[in-house]
Amino acid sequence: MKIFIFYNPLKLSNDDLEENILKPFNESNIEVIGYAAAGSTVEEKQAQVADFFVIFGGDGTVLKIAEIAAIFSKPVIAVNTGNLGFLSSYSSSEIKELIEDIQKENISFSFRHLLECHVGTKKVVVLNDIVLLKSQPLGTMNVDVKIEEHTLFSFAGDGLIVSTPTGSTAYALSAGGPIIHPELNVVQLIPLAAHALNIRPFIAPPTQRIEIILKNMSKGFVYVTGDGDIIHRMEPGMSIFVTSSEMTIKLAQRNGNNYLNALDKKLGFGRRFE
């Protein structure tokens, strides 16, 4: 069994990496063929021969690895060394259990759908969301959203979230969107602070292309972000296109700990408040 390790250097020191992660794996029959900080360049040969990508960090670290995992079709096992760790199946204190589960093949995987954002000649692939945000705190942006040439939204507001089901428990949830089971293949659109009573979140099919047109701004310009990273600056009259990607990633879920368990344990979803 061969693994490649990605880690967040802000959450994991070199000493911790050597002593608490690399050493236990090296003492098992699991070969660590390489390791790298999330976001750094990885040799294609190493990525291809790995059986799994094992990620040490928070949810943001998982998001940084999503595209490369999809490109090389490598299952992802996430170990939380951050805060919430909603996408993680193991905590940093469960390295022994992780090694045993890998050895015994006691891990199942769920397929997570991705989004593609096309900006000019650039294509960006994300696991959570594409977001349009104002550069200035005051004022509004005027946006048209089209699905296959049909105008779905035309509104003034603070921005727009285009989310995957996996991203429905991230920014989209805070903005009033529904929780969508991650194994569904749909695209969610959530206007941010739309100045209209008739503008509400909308769930679109994955087969249709979404065009987002920035008509005008009262102040500043618009940032386009992909999983939290700025990928483009929009000026009035510009468009971007978002589609569901044909690529997916396989994200580990510990046997007995499915998505509904994670909602309960990490978000407190469905609990009655006494």
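The backbone N, Cα and C atoms fix where each Cβ goes, glycine too.
Cβ neighbour count for ASP59 (active site, proton acceptor): 23 (other Cβ atoms within 10 Å of its Cβ, all protein chains included). According to DSSP, ASP59 (active site, proton acceptor) sits within a helical segment. If you look up Swiss-Prot, you'll see ASP59 marked as active site, proton acceptor, on the strength of sequence analysis.
According to Swiss-Prot, the NAD(+) binding site annotation covers ASP59, GLY60, LYS64, ASN128, ASP129, ASP158, THR169, ALA170, TYR171, ALA172, LEU173, SER174, ALA193. If you take the C-beta of LYS64 (NAD(+) binding site) and look for same-chain residues 6 or more apart in sequence within under 8 angstroms, you find PHE6, ALA38, GLY39, ASP227. Secondary structure at LYS64 (NAD(+) binding site), taken from DSSP and collapsed to helix, strand or coil, is helix.
Within the set ASP59, GLY60, LYS64, ASN128, ASP129, ASP158, THR169, ALA170, TYR171, ALA172, LEU173, SER174, ALA193 that the record links to NAD(+), no two Cα atoms are more than 28 Å apart, and one pair reaches that distance. A straight line from the CA of ALA193 (NAD(+) binding site) to the CA of ASP59 (active site, proton acceptor) spans 26 Å.
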